[in-house]
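These features come from TrEMBL:
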type     : residues : note
TRANSMEM : 27-45    : transmembrane segment
TRANSMEM : 57-78    : transmembrane segment
TRANSMEM : 90-111   : transmembrane segment
TRANSMEM : 117-137  : transmembrane segment
TRANSMEM : 144-163  : transmembrane segment
TRANSMEM : 169-190  : transmembrane segment
DOMAIN   : 237-369  : domain 'GGDEF'
């Protein structure tokens, strides 16, 4: 189970989690390819360049490399599937662990060897320790498992096996040094990925948010409208579009100035968000005009929402720097028809809004069905 990280805002965690699944998939794909290329190469080196006393050690090496090869093949096969890739992170973690575990097992196998084999294996273990650090998803948190289990196994073997200590143990220092370097690399990569993700989210948020009111903007609402239109068509349900416009807003700007007008718009956005239900959406459509999207609606429920919003805006007065101002809202309500497009339902809501203005403002009018 992946846990939340304190530096990722709570509202972005779901997106970050999906991003990490995708990242796990990419890293695992690359690592699996490298593993399947290098393992045969090292096996050939064992047989040709390293003068083992017998072929039995080579077969032991092959058996120790087999789990990593099987995991790499499994990853590549699963990668072909078109799914979210929830399996990718645990499988990548296991693949990393198998690589370090493989080299740690070879280290144990050659620990009492007084020839050059232990140095050869130690160099391989050092490289593996640093290499897997570049393929971690959660930095140090992953390395606790990837480094911790093999390290504890090696220490337990040294303590309890009774094997003599190597005559020249200086190269063994490379192992903890490599782990330290690996921790630094993994931590830096994870922190850099977090910064990149947050910057991307902030850029996307600013592109989809109205700077003044903090509400979604027209572009954002168009995405939600398209999704709701597709869902309604699939499930044979209706949704409602409410076009809302401040009454005599130009007079507010003319009399009190645009700064007070901006205050009114900001306060209006707050009243929208505190009045609407959880599944309802509102966006600044342009100027003093706002669009409200009501999913799974009937004419009666949509009009009830419109009246609730209208009353919430009318009372109490808006507390601005120019004093308490009376603000009212006119709304046009249109219930989506199964045969019409998004633009058509918005057009009907606009016409209903125009009728609301003609009928004296501060009211909600339902479009012809």
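Cβ atoms here come from the backbone N, Cα and C positions, even for glycine.
Just so you know, TrEMBL annotations never went through curation; they're auto-generated.
With DSSP states grouped into helix (H, G, I), strand (E, B) and coil, the domain 'GGDEF' (237-369) comes out at 59 helix, 35 strand, 39 coil. Outside the transmembrane segment (117-137) by six or more residues, the chain places 20, 23-24, 27-28, 30-31, 42, 50, 52, 89, 92-93, 96, 99-100, 102-104, 106-107, 109-111, 143, 146-147, 166, 171-172, 174-175, 177-179, 181-183, 185-186, 189-190 with a CB less than 8 A from a CB of the stretch. If one looks beyond the transmembrane segment (169-190) by at least 6 residues along the same chain, the residues whose Cβ comes under 8 Å of a Cβ in the stretch are 118-119, 122-123, 125-127, 129-130, 132-134, 136-140, 142-143, 147, 151.
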